[in-house]
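J.: Below you will find the structure I want to go over with you.
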Amino acid sequence: MRKQAQKELNPRPDPDTSGLGMMPGARVGRYPDGVLQSGKYLTTPASPGWAGSAGMEGSECLQLLLQRCREAKDCAYCPYSRFPVGAALLTAGGEIFSGCNVENACHSMGVCAERTAILKAISEGHTSFRAMAIASDMSDFIVPCGACRQVMREFGTDWDLYLTKPDGTYIVKKLHELLPLSFGPEDLQKA
């Protein structure tokens, strides 16, 4: 399994990954074989042993996280933008919560996939997160909007975000890299 995981990762940036130019230091990888095929929606939580993000590349947990975000994308309700997005969130306890974007005729009432996944996790009692994977049909890496970054920030800055492309490649960034000099709960104590 270890050799297979190493083979699946691409240690060098792909020349066709334009999004890497704006994200120095990103780790690059590719979905394991079979993850991109559509299949039955998985409902089993990830094993608690997979909860740590260190060394997650190539693991079954990462495969499941990537698959769940793509499956969530297929559930998106986006009749106005026609821009489906899916997200899968890994809690510290090893459970995965997925979400999709949900639009509304009153456009400001819509919600992004990332926030849907976070709100689902919170509603089930989880507030400590390890990683999130995000998928779309866009030809470049999908990144969370500013509002989603701020909602993620409420729950820490040191968790991994797997930003994917439909071809199976992804880059990994820490939340604090996508939202530097952020404002969080601890800042309210400084007043």
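Numbers run from 1 along the shown chain.
The backbone N, Cα and C atoms fix where each Cβ goes, and this holds for glycine too.
Take a look at what TrEMBL says about it:
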ACT_SITE  GLU114  active site, proton donor
BINDING   CYS112, CYS145, CYS148  Zn(2+) binding site
COMPBIAS  1-15  compositional bias 'Basic and acidic residues'
DOMAIN    60-186  domain 'CMP/dCMP-type deaminase'
REGION    1-24  region 'Disordered'
J.: Would you count the other C-beta atoms found within 10 angstroms of the C-beta of CYS145 (Zn(2+) binding site) for me?
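T.: For CYS145 (Zn(2+) binding site), the 10 Å Cβ neighbour count is 12.
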J.: Find, for the listed binding-site residues CYS112, CYS148, the residue with the lowest Cβ contact count at a 10 Å cut-off, counting only other Cβ atoms.
T.: CYS112
J.: Summarise the model's confidence over the domain 'CMP/dCMP-type deaminase' (60-186) as a mean pLDDT value.
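T.: That stretch averages a pLDDT of 96.
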J.: Is it possible to list how many residues within the domain 'CMP/dCMP-type deaminase' (60-186) are helical, extended or coil according to DSSP?
T.: 42 helix, 34 strand, 51 coil
J.: Rounded to the nearest angstrom, how far is the Cα of CYS145 (Zn(2+) binding site) from the Cα of the residue listed as 'active site, proton donor'?
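T.: Cα of the residue listed as 'active site, proton donor' to Cα of CYS145 (Zn(2+) binding site) measures 9 Å after rounding.
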